[in-house]
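Trainee: The structure's right below; bear with me while I get my questions together.
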Amino acid sequence: MKFQELLWRKKKAIIFLIIVIVFGGIFATFKTPVALFPNVEFPRIRVTVDSGDIPASTMAIEVTKKVEQTLRAVPDVVHIRSTTSRGSAEFILDFGWGQNMNVNLLNVESALNGILPTLPKGTTFHAIRMYPTVYPAIAYSLTSDNHSLVELRDIALYEIKPLLLNIKGVANVQVQGGEKEEYHVLVNPMKLYTYNLTMSDVIKSLSNSNVISAVGRLEDYYKLYLVVSKSQLHNMQSIEDTVLKTSSNGIVRLSDIATIKKSIVPNWTKVVANGKNAVIVQIIQSPQGNTVQIAHDVDKKLHEFKSKLPSGIKIAKWYDQSKLIVSSTHSLRDAIIIGIILSIIVVLVFLNNFKITVTLLISLPTILFTTILLIYVFKMSFNIMTLGGIAAAVGLIIDDVIVMIEYIMRFVEEHKNEDISKVIPLAVKDFLKPLLGSSLSTTVIFIPFAFLSGVTGAFFKTLSITMAMSLIISFLVTVILVPIIARKLLNRGIGKEKKNIIVDFLAKLYKNAINFSFRKPIIIYLLVLILVICGIYSFKNIGSGFMPSMDEGGFVLDYVTKPGTSLNETQYTLSKIENIIQSNKYVQNYTARTGLQLGGGLTEPNTGDFFIKLKPFPRPSVQKIIDEIRNKIETTVPGVNIDMAQLVEDMIGDLVGTPSPIEIKIYSDNYSQLLSIAPKVANIISKVPGVVDVKSGVVLAGDALNIEINRSKAAIEGVDPNYITQQLNQYLNGIDATYILESPRIIGVRVWTPQNFRKNITDIENFPIRTQDGKLIPLKRIANLQIVSGQPEIVHDNLKNMIAVTARISNTSLGQAVSQVKQDLNKSQILNVKGVYYEFGGLYAQQKKAFAGLFIVLVSAVVLVFVVLLFMYEEFSLAILILLMSLLALAADFIGLYITKTQLNITSIMGLIMSVGINTETAIFYISEYKEFIETKNNVGAIINAGKNRMRPIVMSTLIAILSLMPIAINLGHGSDMLKPLAIAIISGLFAQLFMVLFVLPTALLGLEKLKNK
């Protein structure tokens, strides 16, 4: 009471402080960055190593093995997976959660630099940390009917990229597609021979003719000069005039033996936007960037830039993550507002007092804006988890205020002849213990979440922290601010409540029902048994998953054509897929990449992806559209292996190393054995209902033309294999001899042979090889040419041979699909081979880890709640009884999930855990009232009076909690998919809560007292 009097005396200072905090929260609302998910440091590093065109088998020995062993020895590496292809290798390193990834990246780069000299000459590497922001947040396409791809690429690279890099929060701007200009010096081998020159002579002459270098300094007449030696190539004419040789017969210029023309750099990739060749600009944001603000700034800059563009060039946005963020945040914002409005209506209906509603209207914004201020102070962002935490907590924070106000009203009524300034502090003092206990019971359940690791901890820890902050603030506001407002607003008339038909009806109904339950307790226990049986049945028949999927309004279609397919043939095949995409009326636009990937990574020339953006709602769900397009492609475009997923879903899968829901990792020391088994496994699981986009994991490179040099024959002709290989490289691949500066561009000069000298294998066989004595001999005289099939990618998992068969699911749950896959694999015995073993990875493995962690959280939460109950009542029997009621109510959670066809996943399990605290909170209010009455009344009277007094606030708080969560449960605005299972689980538990607390608990309490008396 002294504390309340102190608060009253300092009320002006307290109210002013609260006003400052609220305005701070309003300020923070506009300053807090907005993102889709919390800023999470994924403990993963991707390393790509490039060694030219070394065959995969050679690459695995000379490069991959050395790099693997080196990287595995880097401190804190817990897992490494490598994929080796022709000339390239990719390494994925996993570290423990919570590691300093900046230090780990430096360790990785240091280790790679240490072994770089031992790798094949020309080997390079690139190591990056895996952030959600390594994937594009916003992307545009440039297309034109009258401008070349060279022009489009130059505009993107030299004008748009610098423009966008100046925007705050933009980390990088990637340019994909287009063509790069270069000069081709097409040398005629016969003319070379005529003038007794070699390709090396041409390359050397061009390089030596294009020089600019500081050669010293000169001091003259008190001035200091920098002396520059300069001889530069400026244009095509200067290239043609390059002197190759001088003799008594005259000067031999480059134009005498070669044709020079402007052309493009050889390119085996292609980018398309809505059926047109395009250049793509992808904006990568920094980890701390505000996606919504970045998108706004980018739009503004490009809108201004469009006026400077040459006519005929179109810039179109084809991906914008901020749209999904805005949709989700607006959905959660609307859910919060609707929940508050519905809560106010409930308060007005049950309390029938406008002044009480004003108290709520003052308290609620105070709690919400204080929570937002803390989100800003702790450098968090507005995202699905923080806003979802606030939305889910609205009912609980209102509950604290409501029960306090209701108790004050009732206490004032009971002491209507006393001074209200003294009555209210007494009411607060009496109610402080149950309020503290109830707040603790819901707050302590979030403590174990702080120790969660993995994806569950990464994403849902933020939600837990937000909810815990909201509940703590709610308790403080209820204890500090509500009594001050009550003393200001409540007058003598408040104690005498107006007649409330609804409350009177419910009170009468409850009185009759509780008396009946006391007379026939077996009916209550039977209903509980039915509830438990239905809960067990529902639990056994609920599908399980990892995380809820969101409708992102678009998806990625990865494709793989037959290995070795030419770029033109691949484009012909893709045109059929494009026709299917364009014919779907719900598709707004699309982009396609060949030989590239949206998120980078190792990509073969016969692979690529589409990003397909859908029209806004109303339309079918993204999953239905995916299924429709998949079915059409599989039936009309044979020979193409596809994999379809939403972008954010695919991104999260890549970040945690589980790109597919189903992954069967097969191990063997014999890689040939794996290559034989994997397609058979893929064939078996492809027949499982609901399993789609099956990949065998066997990825072949294209065919190769092997030139086997006969060393003996070469020696007879006076040449060595290295000299021959050097000539072949010059003739077939061309050599970048030098460059020309055309500001801001650097245009390469490639020395090459004309196309008619290298158009087919016969031309290669007859290629003129120059011997040391100047003779020309055909290549086939000293070498055998043979076409060999493409080698498969070689995958190692923690240095062991492994092939992963992967698949996605459609119209089924992950748990059900994997269960059927296991049955079919066991029945086939195909993996029951000596030296072969397998395990399940993918999202299924992540699900098992997450469920195990959440089970520990559930047990810990139950223990903590039990400790709170023991501290409050110091009775094991009473604490066990309350906890038992809360746990039995979980059966309703399973029933609710089953009825709504909601999977048991991370989010719904969080709802189950939260239900324990919420149900306990309500039970505490009832038991605390019962404890007061037991001192003056008999057991039955105390139980009935406790129920009578607590019926109204319990019904009110339950209704408010249900209504505040309902917008999320029905997915209002299509933006709260991630939290929908949580809302459904809590709402289901709340329905059971009324029955458990108002009927089962009193009946069990009476039975317990009778048992004690015996």
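Cβ atoms are placed via backbone N, Cα and C, with glycine included.
Note: TrEMBL annotation is automatic and uncurated.
Sharing the features that TrEMBL gives for it:
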| type | residues | note |
| --- | --- | --- |
| TRANSMEM | 12-30 | transmembrane segment |
| TRANSMEM | 332-351 | transmembrane segment |
| TRANSMEM | 358-378 | transmembrane segment |
| TRANSMEM | 384-409 | transmembrane segment |
| TRANSMEM | 430-451 | transmembrane segment |
| TRANSMEM | 463-486 | transmembrane segment |
| TRANSMEM | 522-539 | transmembrane segment |
| TRANSMEM | 850-871 | transmembrane segment |
| TRANSMEM | 878-900 | transmembrane segment |
| TRANSMEM | 906-927 | transmembrane segment |
| TRANSMEM | 953-970 | transmembrane segment |
| TRANSMEM | 982-1008 | transmembrane segment |
Trainee: Using a Cβ cut-off under 8 Å, which residues of the same chain at least 6 positions beyond either end of the transmembrane segment (522-539) come close to it?
Mentor: 516, 888, 890-895, 897-899, 904, 992, 995, 999-1000, 1003
Trainee: With contact taken as 3 or more Cβ pairs under 8 angstroms (pairs 6 or more apart in sequence), are the transmembrane segment (384-409) and the transmembrane segment (850-871) in contact?
Mentor: no
Trainee: Run the contact check on the transmembrane segment (358-378) against the transmembrane segment (982-1008): 3 or more C-beta pairs under 8 Å, excluding pairs closer than 6 in sequence.
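Mentor: Per Cβ check, the transmembrane segment (358-378) does not touch the transmembrane segment (982-1008).
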Trainee: Can we call the transmembrane segment (906-927) and the transmembrane segment (982-1008) in contact, meaning three or more C-beta pairs below 8 angstroms at a sequence separation of 6+?
Mentor: yes
Trainee: Quick test of the contact rule: Cβ under 8 Å, at least six residues beyond the ends. What residues does that give for the transmembrane segment (463-486)?
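Mentor: Same-chain contacts beyond the flanks: 4, 7-8, 11, 14-15, 18, 358-359, 362-363, 366-368, 370-371, 374-375, 378, 380, 385-386, 388-390, 392-393, 396-397, 400-401, 404-405, 408, 424-425, 428, 432, 435-436, 439, 442-443, 446-447, 449-450, 910, 914.
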Trainee: Could you tell me what the rest of the chain brings near the transmembrane segment (12-30), counting residues at least six beyond its ends with Cβ under 8 Å?
Mentor: 365-366, 368-373, 375-377, 480-481, 484
Trainee: Count, for each of 332-351, 850-871, 878-900, 953-970, the Cβ pairs lying under 8 Å from the transmembrane segment (430-451), and report the range with the highest count.
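Mentor: Per the Cβ under 8 Å count, 850-871.
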Trainee: May I ask which of the stretches 878-900, 953-970, 982-1008 has the most CB pairs under 8 A with the transmembrane segment (332-351)?
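Mentor: If we count Cβ pairs closer than 8 Å to the transmembrane segment (332-351), 953-970 scores highest.
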Trainee: Quick one: do the transmembrane segment (982-1008) and the transmembrane segment (878-900) have at least 3 Cβ pairs under 8 Å, skipping pairs fewer than 6 apart in sequence?
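Mentor: These two stretches do touch.
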